[in-house]
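Before any comments, here is the structure.
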Amino acid sequence: MNSSLSESQSELRPLLSPEEVEATEVYPLIHMIRADVIHFIDTPLTYEALTAPDLTYTLIRPLVDKYVAIQQDGNFSVVFCFLLNRVHFVRDRNLATATLSKSRAILCEILAIRIMRENANDMLRLTMTATTSWSVYSGAEPDLIERAKAERSDDLEERVGNAIEMAIISKAKRFIKSSSCQKVIDGIWSGKCVYQAQSSHSILSDTYKRTPIHFYDPHKAPLLDHYRLKVPAIRSVLEYMNFLGLFILFVIALEFNERDTVNVSEFVFMIYALGFTLEKVAAMQEHGIKVYFKGTWNGFDLAFVTTFWIYGFLRLYGMYHDVLWARALGIDCLAIIACLMFPRLAFVTLRDNLMVLSLRAMMVQFVVLMCIAAFCFCGFLYALWTLSRNQAQYSVGHIAWWMLDLFFGLDATGFDRATTFHPIFGPVLMVTYACLSNTLLLTVLVSILSHTFSTINEDAAAEAMFRKAVSTIEGVKADSLFSYQPPINLFALFVMLPMSYILSPRWFHKVNVFMIRLTSFPILLGIAVYERQAKKNHTIGFYSTFSAIAEKAIDTLPRQFKRLTFFDGLAGADADIDAVSIATFLKPGVSVVISFLDLRNRGRSVRKCT
């Protein structure tokens, strides 16, 4: 008993105390790395050149040995400092030095991977290296800190994130794809490795109790463990269910709406959507715009939030002031939200599909190219409108519509009316516009999108791992607001937030934990049962755990029921044999025992044959 207690206490003891984290010299190390990288990389080099055998032994290995020694002396911020320098080099937009800075950024990523690998045998140390948020000004001279505060009007942000966040911001996909980083991400995603995120931008902050990085054991944890609501894998399921509920309420509200009043279905949708909006705003507040928009479909959520606010404002304004056009326009805006809801649901359901991963990058490039083309073609629109003022006097809307018809190849009215603009310049402008838009632009667009898809397809695994890393970091929330599911998070905002200013940190923590467990009781109970069954059956994933539970339930049935073909079909006709052990002859004349172990989908155990 005492040994197990001491073991659990040692596990919960942090590898580095908060005082040791604060005392770690980060600022001098950042500039030491920057000086070394600039000194050794003075010509543009590719990743293949930097990892070639000659540079590996003359450049990479000596630098790795140097900084591994610093890490072994107790400074675990080395990986973070390398990735922070990578962010600095990646942001170089000077055309004269951008290629050289890219080579230096690649070197920072290679060294971060190699140094991270040194901790691969210690999962806790590996997780601490990747997830600790270091103070970038730790170890700096006091006068330098004062100058920095003066430049930023005392609004100095000392903690800018952890190593994984720096890798996401700098798009260090090779670092994220490395086995060491994937061990950390998989452990955090599944909840086996628990760490408590730090954020100074939380709306509802509860930092009275901070637990160090540790391994999670469901049998030692409390039955209603509210921290499990912040596990990324569990949060992804809850967010999917919340969005599915929002989608259903949206369809009901749109089908049964009344333009003159807000009925029950529309009111319920408004409240639920308001809670969903609050969750997205809190996520943006906690991680920042850069990390938030690295999410696969967070752009859809931002568009939904914007359109929902416009819809809600128009409906409430129309009801309060009895304005008919505002009420009607609000319903029209609600209908437009359908363009966002349906693809968002489809893409989240098929999140790991290669086409879905490629579609995000292709959509971004498509929008950018269309905006550039629209701005350029405004010159043709202005020229044609100016020419028409002398003769035909067409409106800007009519001319723009004819130009769109030509762009999509739908109608040739613009060609028919070309001479009415001007007998010479009108046809010339129309033909030139048609050649540039319908032929050249579409050809360029297809080529760009094809290149984007092929680039992602070349390393689809790295792209999928990068998106999972973003989801993992987004899923580990420091804000207690995320422990309340929509629309209950509105209660947390209007009730718990004022209480955080009234109660002491200790009492607020107690009240907050009680309210989370009360409002999420069925969810926490289901999580506890699931994780205990998964631990008991040594399974990973919902499907494997459910299958193991179903097999045990079938095994408890009477023999005459187990022989029914129906239950054999439930187990699956294409059952996998997990382990086959064949005992060879022990002595001459002794039987051969062939045992088929764990035929999980057949319900058979051991056969003996002589």
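Indices start at 1 and increase along the chain as displayed.
Glycine is no exception: its Cβ is also placed from the backbone N, Cα and C atoms.
Per TrEMBL, the feature domain 'YVC1 N-terminal linker helical' maps to 27-210. What TrEMBL records for 246-534 is domain 'Calcium channel YVC1-like C-terminal transmembrane'. Annotated transmembrane segment per TrEMBL: 237-256, 262-278, 299-318, 324-342, 363-385, 391-412, 424-449, 487-504, 511-530, in sequence order.
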Listed stretch, out of 237-256, 363-385, 391-412, 487-504, that has the most CB pairs under 8 angstroms to the transmembrane segment (324-342): 237-256
Look over the recorded stretches 262-278, 299-318, 363-385, 424-449, 487-504 and say which has the most C-beta pairs under 8 A to the transmembrane segment (511-530). 487-504
So which residues does the transmembrane segment (299-318) touch in its own chain, when a touch means Cβ under 8 Å and the partner is 6 or more beyond its ends? 262, 266, 270, 273-274, 277, 280-281, 284, 293, 324-331, 333-334, 336-337, 340-341, 343-344, 347
Sequence-remote partners of the transmembrane segment (487-504) [C-beta within less than 8 Å, at least six residues beyond its ends]: 203-206, 271-272, 274-276, 278-279, 282, 480-481, 511-512, 515, 519
Looking only at the domain 'YVC1 N-terminal linker helical' (27-210), what is the mean pLDDT? 87
